[in-house]
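*Asks:* Summarising the annotation, Swiss-Prot assigns domain 'Thioredoxin' to 2-103. What Swiss-Prot lists as N6-acetyllysine is 3, 39, 94. Among the features that Swiss-Prot reports, N6-succinyllysine is placed at 8, 94, with the record citing similarity to another entry. Annotated site 'Deprotonates C-terminal active site Cys' per Swiss-Prot: 26, in sequence order. Look at Swiss-Prot and you will find 32-35 tagged as disulfide bond, backed by sequence analysis. Summarising the annotation, Swiss-Prot assigns active site, nucleophile to 32, 35 and lists similarity to another entry as the type of evidence. Sequence annotations record features per position, and here Swiss-Prot assigns site 'Contributes to redox potential value' to 33, 34 based on similarity to another entry. Positions annotated as S-nitrosocysteine by Swiss-Prot, on the basis of similarity to another entry: 62, 69, 73.
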């Protein structure tokens, strides 16, 4: 399951409550074509990797979160462990997304 983040406090709470689990954050926008293309794959990964926390942040709805995380383009995927960012990449690259998850869990 992918959790939609609607505020900066909800983002912090999601990172904190994840504990030791890997957190994968998809920063996207409704008007972004590549974001729409990879979204179903991102959701399928959330079912495949049930021990990983998947979050979605709409950069237009949560500009403060996007700014704090220094998101420059969409989609951007950021990976967190224990509240700290451990990896990041931009672009709708399905293979890289799954490989990064596998490498971090």
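Placement of Cβ uses the backbone N, Cα and C atoms for every residue, glycine included.
Because the structure is a prediction, the values reported are computed rather than measured.
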*Asks:* Which has the fewest other Cβ atoms within 10 Å: 33, 34, the recorded sites listed?
*Replies:* 33
*Asks:* Looking at the recorded positions 3, 33, 35, 39, 62, which has the shortest Cα distance to residue 69 (S-nitrosocysteine)?
*Replies:* 62
*Asks:* Based on Cβ atoms within 10 Å, give me the single least packed residue among the modified residues 39, 94.
*Replies:* 94
*Asks:* Among the recorded positions 32, 35, 62, 69, 73, whose Cβ has the fewest other Cβ atoms within 10 Å?
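*Replies:* Counting other Cβ atoms within 10 Å of each of the recorded positions 32, 35, 62, 69, 73 gives the minimum at 73.
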*Asks:* Give the distance between the Cα atoms of residue 34 (site 'Contributes to redox potential value') and residue 62 (S-nitrosocysteine), rounded to the nearest whole Å.
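*Replies:* Approximately 19 Å lies between the Cα of residue 34 (site 'Contributes to redox potential value') and that of residue 62 (S-nitrosocysteine).
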